[in-house]
Structure formats: structure tokens, C-alpha cells
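Enquirer: What follows is a structure written as C-alpha cells; I'll ask about it next.
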Amino acid sequence: YLVGVGRADCTGPVAQVPLMGYANPKQVGGGLLSRLYSRAFIVAEPQSSKRVVFVSIDIGMVSQKVRLEVLKQLQSKYGELYRQDNVILSGTHTHSGPGGYFQYTLFWITSKGLIQPTLQSIVNGIVKSIDIAHENMKRGRLFINRGTVENSQINRSPFSYLENPESERNRYSSNTDKEMVLLKMVDEGGHELGLISWFAVHPVSMNNSNHLVNSDNVGYASYLFEQEKNKGMLPGEGSFVAAFASSNLGDVSPNTRGPFCANTGESCDNPQSSCPVGGAAMCMAKGPGNDMFESTRIIGQNIYLKAKELYEKASQEVTGPLSSAHQWVNMSDVSVELNATHTVKTCKPALGHSFAAGTIDGVGAFNFTQGSVEGDPFWDQIRDQLLGEPSNETKACHKPKPILFNTGEMTWPHPWHPDIVDVQIAAIGSLAILAVPGEFT
């Protein structure tokens, strides 16, 4: 293959900017702990114009707005070389990056609108990292390896996991995915270029009381690997690029000591994640360190050490053709065959009461609890008065989930929730990368 790697700063403003991830309006940036980077990797077939771009960015998640702006800039620079189908943009999912780069009203509530400097910094950083990778293309080889990472994650909703059929649970040795997949890149002469590691862990070692912009545990793993390989260079400098990208981290917490009541210190590891005094708002996971800074370092180091071991031993070469595909899917109108006789259809998006409860990594507000299957007349009445009652169709479709916000039916002043989303797949030989907008378990 021809291989190119690049890295560029995408930090943007760090003071007085709402952070993206915990959806807590009080969590506003008050400084910088670590800079945020976009890390780009291009793999191309030497004899054809086929190529695949994978970019891992130190942000909460990629918005359609960011994606469309990036593709527009790439098209004006490179024509049809980098397109909707062969450019994958992936957020590391840090909950300590700036917000305000979405185009849907729901995300504007906590970020207090669209924040143009944040959006521009992210888009410019992504495009610059791709430019650098594009300019550095050279003949190279890819190697893949995989292994198990221990002591770095717990299932943040173990009671929900137990609702899965036993036959399904029996296929796995754990209630989280502990496997790390690592892609190593070297040039023809064996000179090291970079790596992409995929491992399921939420970058929420820094909790929602944090006000410093940072890339959390996976960003610290990138920092350690790049500092080791780019000897004598400052962070963010040097040719070696190490991305620790997100995977199926939806139910995975790095706070390995589990959930405790902030006021009494007792465990709140129960189906509702609720404390005897103060309810769910007092329940918060912690560990493995004594504070969130130490926890971030410990988890980041664990991930880095495993990646280093897999990187050094990677010997299985990735060869074969490149291919990519992209599709827009209207998620509010998908037919699903349950069995030979029954077909059902998806419907407009809506947020349930449990959404407001948050998780053990970042608690919600008021008296909402996880796993609730009944609404609360008080909140339902306020919703009906302020935002309008959900339609019977939406209620029936989401049942047994009680609807708190019927976001799919709310269009003022702009649509509240996306219903048409991107899905992508890119194949590099035997490695397939799925790009899907969601937190998968």
C-alpha cells in the first residue's frame, strides 16, 4: 500500500466554552489540561485511485455538520479523491472536549447554541491532519494484532446486561468487550509510521466536575506512545502518530471501583443506580485512582502498555484490495423482520425518562432513575405544556419506554434530533472498519 499519517491540533477555545459529553450546562471550560488532536491515516492502492482515510479526533463525537464541512473543504482541494464513502471521521468520545459544533437543537441546549470558533477549530484540525497525511504518502506495510486488556473497564449497567438472553451471554467470557485490535503501520524500509488501536472504554475517567479541556484516558495513551516514539519532541510534534480510537464502548466505564454514594460512601450498585439519601443524583462511579487525574493516568497507561506489547509483536500482515461504501439511512423508517410472520417499523426518535437519569459515570438531575418503564405525571404534564404531547404513534412505538422529550416531533426553531444518519464501511484487505453513529454495547 501507499500509507500516510498526519496529526494536527484541533483544540479551539478552552475558557467559558460548554463541554460536550455529560450534557451538564454547568460544566464550562476553565482552562487546558491537554491539547486535542486530529490524527489521520490514509491507505491507498499504488496502482489505482482507490484509497481509505480514517481520522480519529479528540472530541466527544463527530457531528454531521463537522463531516459535511470537512468533505466540502476536501473536495475543493482534491476533487473526487476524498469523498463521502472513503473518509471516516471518528470521535475518541472524550467527555472533556468543547461542545457547540452540532446543528440540531437538542445539542444546542447544553452548549447554549452553535459555537463557531469550536466548529472551525475542529474542521480545520481534521482537514490539516488529512493534508499532512496526504503529503507524507509513501510505500508501506500494515500489520494487525489483537489481545486482551485487563483491569481497565467495568460494565456500567450490569443489571441491564443480565436482561440479555442467557444463550447470548454464554457466547462471551465477560459482560464487557476486553479485546484490543491494533493496526501497525511501517514504511518499506521498516521505519515506523504510526498505529490505530480500537478498544472499548468510555473516556470518562475525568468526571463531570472537571472544567479543564482534555483528551481523557485514551488521549493520555496517545500521548505516552507518541512521546516514546518521537524522542526529544514536544507533545503534538514528531512524525509518529498513535491513535486510540473508540469502538463498542456504549456500556463500558473506566471507573473500575464502581458506583458509590457521594454523600455516604456506600455502594449504589443497584438496578436504579440510586442512593438511600439523595437518590440517583448522588450515585457516581470512581477509580481506580484516588482522584480523577490519577484514574485517567492509570487507565491511559494500561491501554498504552497493552498497545505497546501488541505493536511490538504484530506480525500478521494486512493485504488485499481496498473498498468503501456510504449510505444515508432514514432511521425513523426502517422495516425490521422479527420472524417469518412479523415485521415491525422504526419511528421518530424520542428520549425516555431514563435518559435524564444519566449513568454512573455522569449522573443526571432531579429524581430520574435508570431503567424506568413508567413515566412521572409531574414531568409529563410539564412536557405537555411546554413542548407538546408525543403522538400516540410515537408512544406506541417506543413502548415500554416512557417518553420524556418527543424530540423527533419537535422542529422549532430547528429540528431537535437527526433522523437521517450516515453509515459507512471501509475495507482494507481483511480489515473492515464500520462507521456508525451511535454508542454500541
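Placement of Cβ uses the backbone N, Cα and C atoms for every residue, glycine included.
Copied straight from TrEMBL:
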ACT_SITE  SER253  active site, nucleophile
BINDING   HIS93, HIS202, GLU439  Zn(2+) binding site
DOMAIN    1-441  domain 'Neutral/alkaline non-lysosomal ceramidase N-terminal'
Enquirer: List the other residues in this chain whose Cβ sits within 8 Å of the Cβ centroid of the Zn(2+) site residues HIS93, HIS202, GLU439, in sequence order.
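Expert: Checked against the 8 Å cutoff, the neighbours are PRO203, VAL204, SER246, LEU249, GLY250, VAL252.
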Enquirer: Same-chain residues six or more away whose CB lies under 8 A from the CB of GLU439 (Zn(2+) binding site)?
Expert: HIS93, LEU249, GLY250
Enquirer: Give me the long-range Cβ neighbours of HIS202 (Zn(2+) binding site): same chain, 6+ apart, Cβ under 8 Å, in sequence order.
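Expert: The list for HIS202 (Zn(2+) binding site) reads HIS93, HIS95, ARG156, LEU249, VAL252, SER253, PRO254, ASP361, given in order along the sequence.
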Enquirer: What is the number of other Cβ atoms found within 10 Å of the Cβ of HIS93 (Zn(2+) binding site)?
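Expert: Taking all protein chains shown, HIS93 (Zn(2+) binding site) has 25 Cβ neighbours within 10 Å.
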Enquirer: Quick one: give me the count of other CB atoms within 10 A of the CB of the residue listed as 'active site, nucleophile'.
Expert: 24
Enquirer: What average pLDDT is reported by the model for the domain 'Neutral/alkaline non-lysosomal ceramidase N-terminal' (1-441)?
Expert: 96
